[in-house]
Amino acid sequence: MQTVTVNLVSTPAQRGYPIHIGANILAQPELILDYLGQKRVAIVTNTTVGPLYLDKFRADLSVHGIVSVPIVLPDGEEYKNWETLNLIFDALLTHRCERNTPVIALGGGVVGDLAGFAAATYLRGVPFIQVPTTLLAQVDSSVGGKTGINHPLGKNMIGAFYQPQAVMADTSTLDTLPDRELRAGIAEVIKYGLIRDPAFFDWLESHVDALLERDNSMLIEAIERSCQHKAEVVEADERESGMRALLNLGHTFGHAIENAMGYGNWLHGEAVAAGTMLAAEVSRRMGMIDEGEVERIRNLYVKAGLPVIAPNLGPEKYLRLMGLDKKVQGGKMRFILLENIGRAAVHADVPAAILTEVLTECTADA
Ligand SMILES: NC(=O)c1ccc[n+]([C@@H]2O[C@H](COP(=O)([O-])OP(=O)(O)OC[C@H]3O[C@@H](n4cnc5c(N)ncnc54)[C@H](O)[C@@H]3O)[C@@H](O)[C@H]2O)c1
Ligand SMILES: [Zn+2]
């Protein structure tokens, strides 16, 4: 088992928290006993993950005398909303959960974001523990304290920064994850290499096949390195006033793709891969990375089974979905661009003409 620590200066009451990464650690609740303020916890999960892992987890907790209240939500991004959040509050209130009753999120990013927001707001905040079960959640969403829900007018528009007490990333749970979800998670792993770690990018070029084959030690290494990066970025900029924005490489384009194609048709990681190719091409045309580097990025995504060509929505629709339609007249726009493989920066000087060209020439009819 590996442990990465997130050290936060901005939340003195809660100096830091461990991220435990390893096979079968879900069967070791002793790792989290210190964080349980009482002999009762609420476990939030969904109708897919619950049947796979909930009973065993509850039984393992009960060995330590911990009683658990299960809260099983419907599965899907479309349920990341107020109605589902209220189901969590209903259950917490019905079972008279108290200020020191921890909420544990057992599932992917959707469960984590919902349960985290519930923990942040129930009784003005109760202890929270993340047990992420998708690769995306293990390398990204469970670390860093962003929680929240979607609004009909926008994704992740309502939420809170609320750090967990601990994260338990059990790589054995990835055995049941569908291939497509695994690949989508790899897109976020590649992102860390692209924005801040050229050696990790090299490592991924030679180990992505092993990740796709679910080689456990390789998965642990990829998750550990990803969590170290996420932790460092969050430590430096917990509330995203600067550096944390780099984690959104490819995401402005990606969100437009997800939104235009209908949520769920393109998985988030898939849209991020195709969106990052657009960002790479803008970077190349701005005189940053060269054609050879663009090719290396494309090849790694292809090897990971991720899409590299974004759908052709037309530049106008892209700009509208990216919230840039009003800014295009001004001529210059802000984007996260790649200066090298391993170095990203925010650039506020992207000419509208380059953006329009890339959105026209580097996309294909869906
Ligand atoms: N808070 C953050 O910082 C942050 C960062 C990135 C993404 N997110 C959010 O995360 C969400 C995406 O997360 P995700 O990719 O984990 O999607 P998800 O939570 O929808 O999980 C994907 C699918 O896999 C299933 N699943 C989960 N674990 C499984 C397992 N071990 N075996 C079999 N099936 C399993 C889920 O039930 C679901 O059907 C989005 O809502 C996104 O906004 C949040
Ligand atoms: Zn993402």
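Including glycine, each Cβ sits where the backbone N, Cα and C put it.
Heads up, TrEMBL stuff is auto-annotated, nobody curated it.
Straight from TrEMBL, the features:
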- 75-80, 109-113, 133-134, K146, K155, 173-176: NAD(+) binding site (BINDING)
- E188, H251, H268: Zn(2+) binding site (BINDING)
- 71-183: domain '3-dehydroquinate synthase N-terminal' (DOMAIN)
- 185-328: domain '3-dehydroquinate synthase C-terminal' (DOMAIN)
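Structure with TrEMBL features highlighted.
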residue : record              : contacts (Cβ under 8 Å, 6+ apart)
D75     : NAD(+) binding site : N46, T47, T48, V49, V110
E78     : NAD(+) binding site : Y263, G264
G109    : NAD(+) binding site : P132, T134, L136, A137, D140, S141, S142
G112    : NAD(+) binding site : A105, Q130, P132, A137, S141, S142, T147
T173    : NAD(+) binding site : L26, L52, Y53, T133
T176    : NAD(+) binding site : L52
E188    : Zn(2+) binding site : L135, L136, V139, D140, S226, G269, V272
H251    : Zn(2+) binding site : V272, G275
H268    : Zn(2+) binding site : L136, A184, G254, E258
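The number of other CB atoms found within 10 A of the CB of T134 (NAD(+) binding site), across every protein chain shown, is 26. Checking the binding-site residues D75, E78, E188, H251 against ligand 1 with a 6 Å cutoff on the Cβ atom leaves D75, in sequence order.
According to DSSP, G112 (NAD(+) binding site) sits within a helical segment. Counting residues of the domain '3-dehydroquinate synthase C-terminal' (185-328) by DSSP class, helix then strand then coil, yields 104 helix, 4 strand, 36 coil. When DSSP labels each residue, the domain '3-dehydroquinate synthase N-terminal' (71-183) comes out as 50 helix, 32 strand, 31 coil, counted as helix, strand and coil in that order.
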